Amino acid sequence: MAQPPPDVEGDDCLPAYRHLFCPDLLRDKVAFITGGGSGIGFRIAEIFMRHGCHTVIASRSLPRVLTAARKLAGATGRRCLPLSMDVRAPPAIVAAVDQALKEFGRIDILINCAAGNFLCPAGALSFNAFKTVMDIDTSGTFNVSRVLYEKFFRDHGGVIVNITATLGNRGQALQVHAGSAKAAVDAMTRHLAVEWGPQNIRVNSLAPGPISGTEGLRRLGGPQASLSTKVTASPLQRLGNKTEIAHSVLYLASPLASYVTGAVLVADGGAWLTFPNDVKGLADFASFSAKL
């Protein structure tokens with residue numbers, strides 16, 4: 001069985017990296033990555049930059065992306081522009097994209113990675129909490145995609161990769177908000193692939209499973225003993241890591257996937273096929289994690 005590539009737990013760059021793809025796969029391309037200051041988004045930025053790409057990393061937290069950009073540029077030697085931006089605010093997106101275009105003159109790739117999630121029973125979920133997740137995950141993905149379409153992709157082509165999830169595939173307990181939001185994004189992926197394909201724009205989704213070293217796993221994974229049992233029951237019997245997800249996104253964003261559009265690539269080790277969907281167990285963990 002293939003061994004996973006090395007990874008580190010926190011938001012730090014890899015101490016060493018062995019290229020599985022050509023090192024200049026994205027040479028001098030520019031990628032705009034929402035949620036790029038931490039977690040999976042941070043690792044996507046790093047792996048892209050290690051393949052010759054310059055990046056723009058956008059997040060609501062300017063200190064976070066400033067710190068991330070210094071780490072990324074130092075480790076890879078490529079340029080990284082940190083920007084403060086809320087995906088729910090179209091004027092802020094327009095300003096950020098304008099600044100990125102002024103800095104680089106082009107944007108070739110958009111990675112929609114900004115997201116919000118937590119465990120909550122549907123009957124206890126506030127109207128505002130549901131709306132907030134939909135606004136960030138679904139509306140935010142559309143907002144950034146539409147602005148980049150108008151500002152650059154319509155006339156120059158481009159690639160969009162939306163980071164989604166498998167929650168909606170089976171109706172995951174305590175995840176009606178995130179599952180609905182991400183399922184809507186997968187539908188959006190197909191709609192935009194059809195409408196924007198003639199402008200040489202490819203649009204795909206990447207749906208990760210449980211990934212080590214992420215805030216999502218801490219919030220959603222459950223107690224360690226319970227998580228270990230779930231992982232052992234999954235087909236590959238291990239968690240994924242951020243580098244593996246970044247490699248999958250790299251494939252979709254690169255010329256290797258030049259004839260792939262409107263697709264959802266699931267990168268979860270088969271976990272969605274076997275992970276338990278235990279409402280009571282998840283509810284107990286949600287109650288516990290809310291106190292952390």
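Just so you know, the numbers here start at 1 and follow the chain as drawn.
Yeah, the Cβs are placed from backbone N, Cα and C, and that goes for glycine too.
Features of the protein shown, as given by Swiss-Prot:
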{"type": "MOD_RES", "residues": "ALA2", "note": "N-acetylalanine"}
{"type": "BINDING", "residues": "35-40, 60-64, ASP86, LYS182, 208-214", "note": "NADP(+) binding site"}
{"type": "BINDING", "residues": "ARG60, ARG88, PHE118, SER126, PHE127, ASN128, ARG219", "note": "substrate binding site"}
{"type": "MOD_RES", "residues": "LYS151", "note": "N6-acetyllysine"}
{"type": "MOD_RES", "residues": "SER287", "note": "phosphoserine"}
{"type": "MOD_RES", "residues": "LYS291", "note": "N6-acetyllysine"}
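Sequence features, as recorded in Swiss-Prot, placed on the structure.
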| residue | record | CB count, 10 Å |
| --- | --- | --- |
| ALA2 | N-acetylalanine | 5 |
| SER38 | NADP(+) binding site | 20 |
| PRO63 | NADP(+) binding site | 11 |
| ARG88 | substrate binding site | 15 |
| PHE118 | substrate binding site | 17 |
| SER126 | substrate binding site | 10 |
| ASN128 | substrate binding site | 9 |
| LYS182 | NADP(+) binding site | 28 |
| PRO210 | NADP(+) binding site | 22 |
| GLY213 | NADP(+) binding site | 20 |
Checklist line | Distance [Cα-Cα, Å, rounded] between ASN128 (substrate binding site) and LYS182 (NADP(+) binding site) | finding: 17
Next item on the list: Taking the Cβ of ARG60 (NADP(+) binding site) as the centre, count every other Cβ atom within 10 Å, in any protein chain shown.
Entry: 18
Check: Ranked by the number of other Cβ atoms within 10 Å of their own Cβ, which of the recorded positions GLY35, PHE127, LYS151 ranks first?
Finding: GLY35
Notebook entry, point to check: Which of these recorded positions is closest to GLY35 (NADP(+) binding site) if you go by CA atoms: PHE118, PHE127, LYS151?
Noted result: PHE118
Checklist line | Integer Å distance between the CA atoms belonging to LYS182 (NADP(+) binding site) and ARG88 (substrate binding site) | finding: 16
